[in-house]
Amino acid sequence: MNYQDFISEQTEYYHLPVPFELEGGGVLTGVQVAYRTWGKLNSAGDNGVLICHALTGSADADEWWEGLLGANKALDSDRDFIICSNILGSCYGTTGATSINPQTGIPYGASFPAITIRDMVRLQAALIQHLGIKSLQLVIGGSLGGMQVLEWALLYPEIVQAIAPIATSGRHSAWCIGLSEAQRQAIYADPNWKGGNYTKEQPPSQGLAVARMMAMSAYRSWQSFTARFGRQYDAVADQFAIASYLQHHGQKLVQRFDANTYITLTQAMDSHDVAQGRDYKSVLQSIKQPALVVAIDSDILYPPTEQQELADFIPDAQLGWLQSSYGHDAFLIDIATLSQLVINFRQSLSLKTFSDVTT
């Protein structure tokens, strides 16, 4: 599998000039970051907007969040300098399990070290510094992207002016960890897994496909599956329509994603806890930036109680809602509603800034 085929031609690359130390104690050398930008950085370097992508996403935010960014949109490329980088550990251009290990000359594979959400954010910060960005007007992202958003607020308060964590939590729940582990076990059970030391020609495709089927079931909702499929039967495939749908999405992921990468990133998500041994409420209360926390009423993966908790504990937070039957994936589907939430939030920030200046 050549994952370069799924990276746009507009993608740029930054090569970290120094070794990158991981939170767990490991060190990566020759780290590469794949990223995209839209708009222009102003002379003050303070019009940055950072998009953080989810589990199987890439730096090509104009493809998976097309309605949210562009000229005169919520993330306005006429006004903002918008950045989206492929996260550490992914397979779309940034150093990860499919990358060549400079110490061995072969892909890392199963030897790629454990990483955390903080590691992802710290590497993004190195890119932001390289690009000459002095201030990020907004850091925004959903799901795994939302976890990065929260860590950005905590790690770099001097850079981040506002945040929008969407359909996410401050720490991964037992529910999410359990679902992730079941997906990983599906991959491990594939005969081609071989402890993660599989070949490019014979990856654990069936295991990864089943993992994706499990994930898709959690990304949607009872309402959406019932309304779309009910008990429809696919006579050609001789199975229920919902089975055909899930199998289709499983096979789609196999064509574009790597199993070791899936393991690495889901384990990083499971490690997510903004407190890390500190008092959870106090850590969230230390976030000083204005925050738009977005909840999805039908999300069974990161239920609204988790976003309500964030909005309750972050001092300057407001809770926005996506009323949708699409479940967790609504933040990638109901773009019109999400766009309006972001537009309203950014307008409120402008009004607040004007008020602060004139009073």
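The count begins at 1 with the first shown residue.
Even glycines carry a Cβ here, placed using N, Cα and C.
Quick caveat, the model's predicted, so the values are computed rather than measured.
Here Swiss-Prot flags 49-332 as domain 'AB hydrolase-1'.
In the three-state DSSP reading, Ser143 (active site, nucleophile) counts as coil. The active site, nucleophile feature in Swiss-Prot is assigned to Ser143; the stated evidence is sequence analysis.
For Arg212, Asp329, the entry in Swiss-Prot reads substrate binding site, with the evidence type sequence analysis. For Asp329 (substrate binding site), the number of other Cβ atoms no farther than 10 Å from its own Cβ, over all displayed protein chains, is 23.
Per Swiss-Prot, active site is recorded for Asp299 (among others), and the stated evidence type is sequence analysis. DSSP assigns Asp299 (active site) to coil, not to a helix or a strand.
According to DSSP, His328 (active site) is assigned to a helical segment. What Swiss-Prot lists as active site is His328 (among others).
Remark: Ser143 (active site, nucleophile) has Ala54, Leu55, Ile166, Ala167, Thr168, Leu301, Tyr302, His328, Phe331 as non-local neighbours, by Cβ distance under 8 Å and separation of at least 6 in sequence.
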